[in-house]
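Chemist: Starting off with a structure, shown below.
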Amino acid sequence: MATAAAGALGLLWGWLWSERFWLPQNVSWANFEGQGDGYGYPRARHILSVFPLAAGVFSVRLLFERFIAKPCALHVGIQDSGPYQAQPNAILEKVFMSITKYPDEKRLEGLSKQLDWDVRKIQCWFRHRRNQDKPPTLTKFCESMWRFTFYLCIFCYGIRFLWSSPWFWDTRQCWHSYPYQPLTSGLYYYYIMELAFYWSLMFSQFTDIKRKDFLIMFLHHLATIGLITFSYINNMVRVGTLVLCLHDVSDFLLEAAKLANYAKYQRLCDTLFVIFSAVFVVTRLGIYPFWILNTTLFESWEIIGPYRSWWLFNGLLLVLQVLHVIWSYLIARIAFKALIRGKVTYPGRIRPRLCTLHSFLTSFLFSMPGGSWTVSSLACV
């Protein structure tokens, strides 16, 4: 029995790490043993170092939110208190939890007679009770400030690293001598830190504010981790750095808009959102297809030719492009509706107001998956 189980496990392991799937023709895993400069070649065992690093990132986040983000939030006037607590009432609580959080007029009248309360008082109770379930603005500010700080720092590191990398200026360099492209220390740290950050988000999602898109974000982080890991093991790290940096440039702008929204700096919030939208559309609908997909689909085909994991890798990148189109359409449509709703009629004139972006941001900013090339981003990102 044990022998059969070991044999089945061996077959599974062999299938999982099949050279015919992962590597181009006439290349084997043995070709990467004991070769390369710097950190050698990417290997699957390198991924194990991500887990203690992710735990360290999570610990740094806790310290950052407590000693940096929270004082900043208090400084800009965000109160360190939760919403008004509704008066305890067993009957209303049962209706709220079991029947409806938004009672209609008929139910309000029935509750008014049952409790001998004024209808307006019951409406206020339900409003306060709904607000109790909303996360405090202080907590949301701290979470966004942490993500903003990381995205900004990792983007600055990434652009500084790529500026001196030959494949940043000539994407064909992503495929020359592939897959025999040894790691440099800068490339290794960039990739591993990005992966550790998304693992830390995976951990913290169970302790963070529970939002309606919990499952979507869970799948988003899982897909992000899978793609970064896939490209690392397959040594497509050069083009991977381009994709990571391209997505980080809009992620920190989105978080900055959230921070301004929480702090009630509405004009700054609107400005940042407009900048974010422009950067998002330019990078995701312009640079990404004509720069990234051009090299992964056409230049790589010309230089190394297709193989099995090549098809999967490009398939995922194409899925990502479809999502880019969908998100850009949603941004444009909702922003347009917000501007149309913001037209206020004055005597003899109509003046459009940008302040309606506030309501748009409140609903949209949290529907954006947070920042990377994932299956659901590939799934703000």
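Backbone N, Cα and C define each Cβ position, glycine as well.
According to TrEMBL, the protein has these features:
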type     : residues : note
DNA_BIND : 94-137   : DNA-binding region
DOMAIN   : 92-136   : domain 'Homeobox'
DOMAIN   : 139-340  : domain 'TLC'
TRANSMEM : 148-168  : transmembrane segment
TRANSMEM : 188-207  : transmembrane segment
TRANSMEM : 214-233  : transmembrane segment
TRANSMEM : 272-291  : transmembrane segment
TRANSMEM : 311-336  : transmembrane segment
Chemist: For the domain 'Homeobox' (92-136), how many residues does DSSP put in helix, in strand and in coil?
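Modeler: Within the domain 'Homeobox' (92-136) the tally stands at 32 helix, 0 strand, 13 coil.
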Chemist: Can at least 3 Cβ pairs under 8 A be found between the transmembrane segment (311-336) and the transmembrane segment (214-233), with each pair 6 or more apart in sequence?
Modeler: yes
